[in-house]
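Participant: My questions will all concern the structure given below.
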Amino acid sequence: MDEASDSKCGGKVTVNRTTIQALTEGWQRISPLFRSPYLLQISLVSIIQAGYVQSYSMIRLWLPQIFQVTNDYQLLHNSTTVSLCTILEQLKPKETHGDCTAVNLYSHYLIHFVEIEAATFEQAVTMTGFGKFNILLILLILPGMWAPIFETTTMSYSFAFAHCDLDLTLEDKGYLNSITYLGMVLSAPLWGFLFDTLGRRKLLIGGFLLDALFVIVSGFAQSTTALMACKFFGGLIINGPYAAMITYISEFHSSKYRSRIQLVIGTMNSLGSVALPLLAWLVLPQSLDVSLFNGYFKMHSWNFFLLASGLPALYSGIAFIFVPESPKFLMTVGKNKKALEIFQNVYSINTGKSADSFAIKELVDETKINEDNKHGGHVTANRTMVQALKEGWQQITPLFYPPFLSKFLLVCSIQFCVIQSLNILRLWTPQIFQAIEDYGQYNNGSSASLCTVIELLKPSHAATDCKINADNSGVYINSIIIAVVIMCGYGVTGFIINVLGKKRVMIIFSFLGGIASSSLYFSQNLFTTVALSSVFITLTSVCSYVLLAAIVDLFPTTLRTLTVALTMMMARAGAMIGNLLFPVLLRLGCEPPFFYIGSIIIISAVLCFLLPNTENKPLI
């Protein structure tokens, strides 16, 4: 057609029109939109579409920045989760007071720019990541974790060979098992104070070397009294380095890894529990008899075994010469420059990048933060030793005031019960296994219930015709089985602790441990005895180290090592009391010792309900 007429409000469209005609007619065609009935409709749909597109585009275009500040917040706050409103505050930067520095985060983060401000310890240690330094540190302290195990457990394996030479009674064995813990109890407050005021590294070196000296001297002991003296002083010394080492390694890890590191420490102790029976198996059955000075001085296989058990402490004393001081302690006493250098070096080792590329250039001054502590005391930056000792006395007082007093009493009570029950059975299982071996030898290889077998542990006096059953490989094999089960337990716990949390793990494991230990009374054969002992020792051992991880989160740096030391003091007091009680309970019958062990671990489970939740909280 040549021409088309539009509607009443429209206009005609000319065929083969020129550009001018097209523009003219175009204006005519859109004019209906501004008159009824279309004006109201076009206004409505325009408003609706503007709302849709505005909201959609605002979210779409700002989502990358929201995700970026979420990454920033998690990095700087140890992966903690908060509301979106809190995170969006990061989009409102204050005035820039320094250079904006590119920070290369983990592989799943973007490279972004952040404002450099004074960083807290938790932010700095998180930026160092987890890598070669952390793995090397774990391997380096491995023998140090074995040293207290060797110090407290060597006599349990030595009794079978030393009881004739030293004329040991059942009570003597209880004393020798307990005397090391007495030394630990008496030294705990002093060690905790020294480590929290003078630092970790130097005292770790001296402590381990001094312990090695007493262990070596114990190897030359010729009487029960001399052996007890050496074991007492060994316990007096080893308590400090052990408590400090737990704190030391925690202060090189962020809250993301801290709980798992305590489980790694527990696994190390389990390796020590494997190494010790292997060493005993290697040395004790050998015919090693040396007589000097016309028979006045004699050395037997158990003496050489004690000498060899000093190697872990000796190695550790040397190894700590090559590690840095704890950066958390350095920050606490105002030595931020040294602390930052350590963070930079750890970062460099972990990432392979230069230390200068470490994004954090300044650390917060914790001495100013702690100045207003109501019950604490001022911490002088770069203080002298005299100042450190003086201020140390002031710093420990918060432990005896709210909010720390109730927490301190609670963790002490829990650890008292856990370690007492654990170490009663742990230190007497080699004797129980030895009694099972002896029973089989004296009864043509037959087996009997546990209650029947342990009657062999109750001689009325030292036998005149003392016999040593050196064919006791079952003692070491069963001990190794228990240690391997413990390691598996730590491995499993490492996977579930972040899901269940420390508190739930302790409650569940303590209740199950109480059931396992009480069930030993009903054991009718070796397999059941080994299985129940493995379950109980594994569960209680894990509980002990999970509680230590909680202590690190609950208490500030100036109180942390002291709290660990005092808590372990109460734990060792429990172990000492338990090993003194066990011979007494054993003489009363088979039921009392095992039901006593079960009852105190269940008490600890009940107390665990009162613990606060410490999951993913930064160190204070």
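Cβ atoms are placed via backbone N, Cα and C, with glycine included.
Note that the coordinates shown come from a computational prediction; the quantities given were computed from them, not determined experimentally.
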Participant: Can you identify, from 25-44, 385-404, 505-524, the stretch that TrEMBL calls transmembrane segment?
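Facilitator: Of the candidate stretches, TrEMBL labels 505-524 as transmembrane segment.
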Participant: Is the number of Cβ-Cβ pairs under 8 Å between the transmembrane segment (261-284) and the transmembrane segment (133-150) three or more, considering only pairs separated by 6 or more positions?
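Facilitator: With 3 or more qualifying Cβ pairs, these stretches touch.
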Participant: Establish whether the number of Cβ pairs under 8 Å between the transmembrane segment (304-323) and the transmembrane segment (175-195) reaches at least three, counting only pairs separated by 6 or more residues.
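Facilitator: No, these stretches are not in contact.
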Participant: At a C-beta cut-off of under 8 Å, are there same-chain residues at least 6 beyond the transmembrane segment (530-555) that contact it? List them, or none.
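Facilitator: Residues 246-247, 250, 255, 258-259, 261-263, 265-266, 269-270, 399, 404, 407-408, 411, 414-415, 418-419, 421-422, 425-426, 429, 478, 481-482, 485-486, 488-490, 493, 497, 502-503, 505-506, 509-510, 512-513, 516-517, 519-520, 523, 563-564, 567, 571, 597, 601, 604, 611-612, 614, 617, 619-620.
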Participant: Of the listed stretches 202-220, 505-524, 562-582, which one has the most C-beta pairs under 8 A with the transmembrane segment (594-612)?
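Facilitator: Comparing 202-220, 505-524, 562-582: 505-524 has the most Cβ pairs near the transmembrane segment (594-612).
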Participant: Given the transmembrane segment (562-582), which of the listed stretches 133-150, 202-220, 226-249, 475-498, 505-524 has the most Cβ pairs that are under 8 Å apart from it?
Facilitator: 226-249
Participant: Compare 175-195, 226-249, 475-498 by their Cβ pairs under 8 Å to the transmembrane segment (202-220) and return the stretch that comes out on top.
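Facilitator: Ranked by Cβ pairs under 8 Å, first place goes to 226-249.
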